[in-house]
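Visitor: For reference, the structure I am asking about is given below.
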Amino acid sequence: MAPPVRPGMLPLLLLLLLPPLGSVPGVWSFSELFFMKEPQDATVTRKDPVVLDCQAHGEGPIKVTWLKNGAKLSENKRIQVLSNGSLYISEVEGRRGEQSDEGFYQCLAVNKYGAILSQKAHLTLSTISAFEVHPVSTEVHEGGVARFSCKISSTPPAVITWEFNRTALPTTMDRVTALPSGVLQIYDVGPEDAGNYRCVAATIAHKRKSMEASLTIVAANETRSFYMPTIIASPQNVTASLHQTVVLECMATGYPRPIISWSRLDHKSIDVFNTRVLGNGNLIISDVKLQHAGVYVCRATTPGTRNFTVAMATLTVLAPPSFVEWPESLTRPRAGTARFVCQAEGIPSPKMSWLKNGRRIHSNGRIKMYNSKLVINQIIPEDDAIYQCMAENSQGSVLSRARLTVVMSEDRPSAPYNVHAETMSSSAILLAWERPLYNSDKVIAYSVHYMKAEGLNNEEYQVVLGNDTTHYIIDDLEPDSNYTFYIVAYMPLGASQMSDHVTQNTLEDVPLRPPEISLTSRSPTDILVSWLPIPAKYRRGQVVLYRLSFRLSTENAIQVVELPGTVHEYLLEGLKPDSVYLVRITAATRVGLGESSVWTSHRTPKATSVKAPKSPELHLEPLNCTTISVRWLQDTEDPAAIRGYKLFYKEEGQQEHGPIFLDTGDLLYTLSGLDPRRKYHVRLLAYNNMEEGYQADQTVSTPGCVSVRDRMVPPPPPPHHLYAKANTSSSIFLHWRRPAFTTAQVINYTIRCNPVGLQNASLVLYLQTSETHMLVQGLEPNTKYEFAVRLHVDQLSSPWSPVVYHSTLPEAPTGPPVGVKVTLIEDDTALVSWKPPDGPETVVTRYTILYASRKAWIAGEWQVLHREGAITMALLENLVAGNVYIVKISASNEVGEGPFSNSVELAVLPKDASESNQRPKRLDSSNAKVYSGYYHLDQKSMTGIAVGVGIALTCILICVLILIYRSKARKSSASKTAQSGTQPLSQASASVAAGSDMGKNLERATETAESLVPMMPSSFIDAKGGTDLIINSYGPIIKNNTKKKWLFFQDTKKIKVEQTQRRFTQAVCFYQPGTTVLISDEDSPGSPGQTASFPRPFGATALDTEHSANSEGSHETGDSGRFSHESNDEIHLSSVISSTPPTSNPLAGGDSDGDAAPKKHGDPAQPLPAEQTSAPQTSAGLRYAAEGFPV
């Protein structure tokens, strides 16, 4: 049971259990800024006062201002801001001209951290309109159903009641139902219900009455016949806001009176808690929620039959926005990137927008908005602010906030200065700057930022440069465009401020494409050529001239007409009737003429075609990348009759499609299934029964399917599965895959490559390719590189892919091994040694040694040895005396093999050569004519070696003899111990007078055990410190401070006497209260039958040396429990007592845990339990060797 909580501790516990305020999404700490109260929608009458709440909390001072419809609201005598931030309007004014207090209000709270904007509050005046629907007079048979309705619009919604003959109609009767929607239902009508009815609509400030409608009762027949149920008032589709009340009307007639029931079309159950039936079948839903939305079915059924009829209505529930993901506050360094994510839901779907310190953010340059995300690139100190995500729809608005904190580095460099730009061409601008005045020596890189100066939603581009340059040419710019530039300097701890912005304009260029022309004929001898201006992105400057060229299709002579750039049509006159003319146009800027359009053909009408229809006025408009809208108008003054139209179209350079026959009433046609970014030629003509009319020709181009400039498109995902493999010491092969969810056509890829840990940004390598693989060359050998890839699609760039690391192969050794020496160490064996090739970057994995005698060398026969790269020596064996050997070495790795060293010669002299001629000639790798590496061994050296070897062999022989002697002594001791150990020990009860017999036994045991002294240090560790007193299972241990000696250096007889006396002294003192004492079987007072039941101290426990329950000493002292004796004397004793092998104990195999068989507590032969012993039995952990000796 949990302990009770004291009343005084409850607030403290609640405080501890509550999460920190700043950890809840959308809630901030009190030191910053948030709203405790926000303004709410209000409806008031004219001249009434109103208060809109606004209470902000945070670190002061806090200033509150108000906005009305997005503009700052000025205070006056009638409109004041209270001390708590609320807005007070003493008299609300209605519309007077353009002045009105109605509108949307928001409060803006500002402190040192930034500013936040409240949600919108709609202030409306109470109004009411005239009746839109009045009750209508009706006649009803007695016993039938009467229904009246009225409708009126008001703010707030009016309460509608009914009057009968100018008096309030009671609705307490079961057969009378008044619906809130303005419907009156009367069932089972009688003569008393006849009269005049009207509805009354009332609001908080207004009241209106409708026109009267009369109810006439017609006498019913005496006998009423059966008729099918009929729904006379079916439910209507309803759209309601959250928490409103909805009424679905369903009124039916029939005989017998039908029964009305409700269900949902999706077979879901109807909410019984908020739903009830009003009157005789109307469904009313109070406190509407989202789950109430759906299709409701009203069913009218004749009782006792299967005759029924149904009616359905849809209930749509609108909901204000609500957040499902809130933006989180961020801390970012200068020049970093911040991403805020905000998602909201509602019905209809809310529109998302972002605010910075209460002001709306527009996507441009560094700041981009992608759906519900806000991305801020190249963060600057001015970006430190409070950001709000606002979601709004027709039901309201909601805001969430987050703060961006920009971290500033104290020793960051100052901004680059004296930035100036110079136009180089129509697509290139030279940008130059001066290094920062402060901390310029710490600059590691510069970044150049540029974007278009005009328009919105312009993309900002960035180029990273090294710290060794202060100028850069930016190319691939659009001609005749203004660009804005700025520079940022980078250091390891952060970035500088932005430099001053400079703006520069690129030069003009020739037009990128010609105008699209339209050709029509007004008579048989003319052609009207018209064209549209070239779009700005293709114009590339100001068009100053149009050159119009035309010719007959059967002639080569071209006629040219030049027109000013302000003209967009021209009439070619004096042409031949019924002839095909080819027309083209070229536009020119001040730089020169651009590309000419293709020849467009047009046939002039026949000269006799007096009754031919005139050409229609044709207009072409691309609807999307695959569809063109064709519109035309026919001249209303054309006297010729028109039967229809013929439409032809073709792609430039392809065959013509058509004709497509259209009716005379058709003035619109859509061409679909076209290809994007293609030019199409369309011609249209009217025809009648006699002949075809004049045709109209026009060209148009379909746009691309992805328009990046006109709408924001999120960037594509990065490439994935990037794989790197070293190809050579200077190249690495890269392979990757395009994103799985990208359907756009990839333009190219950019590969970023740089060594790991690069400090100089100018050394970053950027490569372009259109393939999904690339061989990166020109790399440094044996260097680790990092690689990343990004793709580019329609002027969009993906993020960089995850980085992949890979090292180039080491370079093949460029030099041979150095310091090659050859030494003859035996008559037929030589030692070759060398050093690795020079150069710190050289990696060697293998050495190749070639050697041969001069005869074999002449024949080209080499003997080959291989050694690993870590070995720098080798033995040359089986050399033949009397020959001169040539040796050379090379180094290699997985890339290749390096050159061989200079040959080194070694002369192997014959055995009968004189001592005076034993020194051979030397030749090293630097001089192939001199013998090298042969070290002469004279007589003195050989004598020293022989003496050393003799001493070593003597020592080895002595050690072998000692080991043989000790081995024999152990075998003898084992046999004696086995004989004496067959008789069990019993508890000691002898007195001091019996010490002589015990002394004999101990002396005999000592003689047996003295050869078992282990030559090992004491393993007892007193981990806790303390005195020198050591206690084990045999009592206190008397420390022997005498110097230890090896057995074969001591006097054996003297040892026996001293040890016998010492054993006797200890044996006399064995008995202690509560202690188990072990004595030999000859002095045991127990009978032979009893001794068999004694547990042997070490016999049973030896079966479990690691986990014995009796090894408590190890827990107390930190010892392992195997040895706890300090001196050789105690080791002797334990050896004597435990010399019996464990298998001699009949109880040893009966307990796997090493414990003795249980005995009665009163048995004198039973050892006391472990918890009653005065000393821990640390000796229980002794292990035995195969011969039975303790280890």
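For all residues, glycine too, the Cβ spot is worked out from N, Cα and C.
Heads up, here are the entries from Swiss-Prot:
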type     : residues  : note
DOMAIN   : 511-607   : domain 'Fibronectin type-III 2'
DOMAIN   : 612-711   : domain 'Fibronectin type-III 3'
DOMAIN   : 816-911   : domain 'Fibronectin type-III 5'
REGION   : 975-1010  : region 'Disordered'
COMPBIAS : 977-990   : compositional bias 'Polar residues'
REGION   : 1079-1191 : region 'Disordered'
COMPBIAS : 1104-1132 : compositional bias 'Basic and acidic residues'
COMPBIAS : 1135-1146 : compositional bias 'Polar residues'
COMPBIAS : 1171-1180 : compositional bias 'Polar residues'
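A description of the local structural setting of each listed feature is requested, covering burial, neighbours and distances.
Guide: Helix, strand and coil residue tallies for the domain 'Fibronectin type-III 2' (511-607), in that order: 4 helix, 41 strand, 52 coil [DSSP].
Mean pLDDT, taken over the domain 'Fibronectin type-III 5' (816-911), works out to 87 on the 0 to 100 scale.
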Visitor: Counting by DSSP, what is the helix, strand and coil composition of the domain 'Fibronectin type-III 5' (816-911)?
Guide: 6 helix, 48 strand, 42 coil
Visitor: Per DSSP, what is the helix/strand/coil residue tally across the domain 'Fibronectin type-III 3' (612-711)?
Guide: 0 helix, 54 strand, 46 coil
